[in-house]
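Colleague: I grabbed these lines from TrEMBL:
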BINDING   Arg191, Gly192, Gly193, Arg194, Thr309, Ser521, Arg582  CoA binding site
BINDING   Gly385, Glu386, Pro387, Asp409, Thr410, Trp411, Trp412, Gln413, Thr414, Asp498, Arg513, Arg524  ATP binding site
BINDING   Val535, His537, Val540  Mg(2+) binding site
DOMAIN    24-80  domain 'Acetyl-coenzyme A synthetase N-terminal'
DOMAIN    82-473  domain 'AMP-dependent synthetase/ligase'
DOMAIN    529-607  domain 'AMP-binding enzyme C-terminal'
MOD_RES   Lys607  N6-acetyllysine
Amino acid sequence: MSNAKIYPVPAETAKNANITREQYQEMYRRSLDDADNFWAEQADERLHWFKKWDTVNGSDLNKGVIKWFEGGKINAAYNCLDRHLEKRGSQTAIIWEKDDPKADAEHITYRDLHERVSRFANALKARGVKKGDRVCIYLPMIPEAAVAMLACARIGAVHSVVFGGFSPQALQDRVLDSDCHVVVTADESVRGGRNFPLKANADQALQKCPDVNTVFVVKRTGGKVDWQEGRDVWYHEAVKDASADCPAEETDAEDPLFILYTSGSTGKPKGVMHTTGGYLLGASMTHEYVFDYKDGEVYWCTADVGWVTGHTYIVYGPLANGAITLMFEGVPTFPDAGRFWDVVDKHDVAIFYTAPTAIRALMGQGNDFVTRSSRKSLRLLGTVGEPINPEAWEWYNNVVGDKRCPIVDTWWQTETGSILITPLPGATDLKPGSATLPFFGVEPQLVDNDGNLLDGAVAGNLCLARSWPSMMRTVYGDHQRFIETYLSTYKGKYFTGDGARRDEDGYYWITGRVDDVLNVSGHRMGTAEIESALVLHAAVAEAAVVGFPHDVKGQGIYAYVTLMSGKEPTDELKKELNDLIRKEIGAIAKPDFIQWAPGLPKTRSGKIMRRILRKVACNELDSLGDTSTLADPSVVDDLIEDRANR
Ligand code: WT7
């Protein structure tokens, strides 16, 4: 890739950029060489502190201790709302574009948002929620999702947002794991012209959550819902009765702000915990610098608030910066594949941030859906969630951006809290498919499987050699798991789980996960989770799940299933397995293929050889590698034959 195409920073972008090339180089050096002063200045300039911190960075990766700005007093909601009121109280904070393209969008000013948040914060208090309590938010893409998050932040409660597409079982697991006593949901969600029964899902989930004493229900559609007297509370009634005056709690910089569950290579999803000061600093700084945000611009991140991208780049980053953030309830293909660009024109969106999977899906629908819109307001494009293939990058650049909008390919993770490897539009020449260079304070390292540091242009396991402010602090309720998962593989470093290559220019090319985590349409999924769901079926003896390349989703899900003896492999059974996964996890985890496997390839010690299963799934039969250590090598021939007959 040394001869990869280079797209230099456009002159116009360079001229008006928040960070120039020289500034990037100077600031990056300082962020490593004079780190404490660098971060102290940023924290001081960007955020409002009730009281300054005692120590800038108290982290020690060797000990599993991550601490930033300890002793500082700060409130995230205050920073996102109150401090903007004087200057931009009547400016729009959130534009809410509903699913129905004909519906008027809602414009919520900073003053409105402040009032709504204060009222709901008081409603939470009225139901007994105190500082440190966890509140589960299971909502669609409606403004109340942002309001509920900020209301928690305002009183020092810890939100745990669960993606609205997750199943009742997945919701139940998360409510129990973080011991939430309050849940916020809606009667129904609306997507692509259809209604989905969110409250009914929540009811089902909460059957086994006896400690949940309050369910706030937002009336989105007016659809029929069951009601549990004493527990269920209409959101609109609760906020009507609540006072609009709710002083922001002076939380410690290291008090938890939120928990967000994400999948790992083993076990149940982990509750990634973020705290207040460092997280907000990372969110605010990256939002301004990576998106080169200018006052008054409309900024649109198409993620769902159920994922970290929605947390950091729909809610906390933009609002901390007093930006106008667009929240979209619908889907990219309703009423047709031109919706994104219609919305761009409707609201004069300047900055547009989405996932490669969406770009690939829309690319397949043809250019007319794009070119019928003007998109003249667009200035900058971004991608996140998975590597972008150069074809999709070029289409995004040429067709969507009319060759005049730089594209920031931003690499980060739920665990990192904010963007860590990324171009800065005015500072970084682009190479399609590369996330380019580290952000301030980020020290990437590539190591081989034995942990040896690799220099120069080379591929390896991507680690981060030092802590950064928005780094996760722990796995909720299981600090040992935090240490084992992230800080033990390569002692003294944070291990990302990703592989990457560094080229001659020091640019990073993320090659994807090196562990048993899949990235399906930008959604992260553990193979172990899907396997656990499959083996719940009485007919299933064993299951192994691997990923394979998929044109639109990036990765598809391939499941090998071994049945109990005497059980017949039927289409009916396949359907039951799909339904089971939908019930246990959600529709996003449904396998693209289920292959009946008479046996799975195992070593003599009984370990499944996933390497071989991956090869068979990808149909790379020439490179199966050494199968001589298998307990029964003939299993592989059976799998290959069955695959051919699938
Ligand atoms: C994984 C994290 C936080 C962003 C949303 C996903 C992959 C993320 C990129 C990128 C290549 C990327 C990595 C990472 N990933 N961004 N720009 N290029 N890969 O967050 O669910 O925590 O997943 O997404 O594999 O480890 P997540």
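Yeah, the Cβs are placed from backbone N, Cα and C, and that goes for glycine too.
So where do these features actually land, and what's packed around them?
Modeller: Other Cβ atoms within 10 Å of the Cβ of Arg582 (CoA binding site) number 16 in total over all chains. Secondary structure from DSSP puts Arg582 (CoA binding site) in a helix.
In three-state terms derived from DSSP, Trp412 (ATP binding site) belongs to neither a helical nor a strand segment and is classed as coil.
Annotation note: Val535 (Mg(2+) binding site) sits in a coil segment as assigned by DSSP. Summarising the environment of Val535 (Mg(2+) binding site), the number of other Cβ atoms within 10 Å of its Cβ, over all protein chains shown, is 14.
The average pLDDT the prediction assigns to the domain 'AMP-dependent synthetase/ligase' (82-473) is 97.
The secondary structure of Lys607 (N6-acetyllysine), as reduced to three states from DSSP, is coil rather than helix or strand. The number of other Cβ atoms within 10 Å of the Cβ belonging to Lys607 (N6-acetyllysine), over all protein chains shown, comes to 11.
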Colleague: Can you tell me the CA-to-CA distance separating Ser521 (CoA binding site) and Gly385 (ATP binding site), as a whole number of Å?
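Modeller: Cα to Cα, Ser521 (CoA binding site) and Gly385 (ATP binding site) are separated by 8 Å.
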Colleague: List those of the recorded positions Gly192, Ser521, His537, Val540, Arg582, Lys607 whose Cβ lies under 6 Å from any atom of ligand 1, in sequence order, or write none if there are none.
Modeller: none
Colleague: Taking DSSP three-state, what's Thr309 (CoA binding site) in: helix, strand or coil?
Modeller: helix
Colleague: What is the separation, in Å, between the Cα atoms of Gly385 (ATP binding site) and Arg582 (CoA binding site)?
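Modeller: It is 22 Å, counting Cα to Cα.
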Colleague: Write out how many residues of the domain 'Acetyl-coenzyme A synthetase N-terminal' (24-80) are helix, how many strand and how many coil, based on DSSP.
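Modeller: Its residues divide into 27 helix, 11 strand, 19 coil.
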Colleague: Take the C-alpha atoms of Val535 (Mg(2+) binding site) and Arg513 (ATP binding site) and report the distance between them in angstrom, rounded.
Modeller: 25
Colleague: Under 8 Å Cβ to Cβ from Thr414 (ATP binding site), same chain, six or more residues apart: give me those in sequence order, or none if nothing qualifies.
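Modeller: For Thr414 (ATP binding site), the qualifying residues are Leu260, Thr262, Val272, Trp307, Val308, Met472, Arg524.
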Colleague: Which one, from the binding-site residues Arg191, Arg194, has the smallest tally of other C-beta atoms lying within 10 Å of its C-beta?
Modeller: Arg194
Colleague: Hey, for the Mg(2+) site built from Val535, His537, Val540, who else sits with CB inside 8 A of the CB center?
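Modeller: Leaving out the recorded residues gives Leu534, Leu536, Ala538, Ala539, Ala541, Glu542, Ala543, Val561, Leu577, Leu580.
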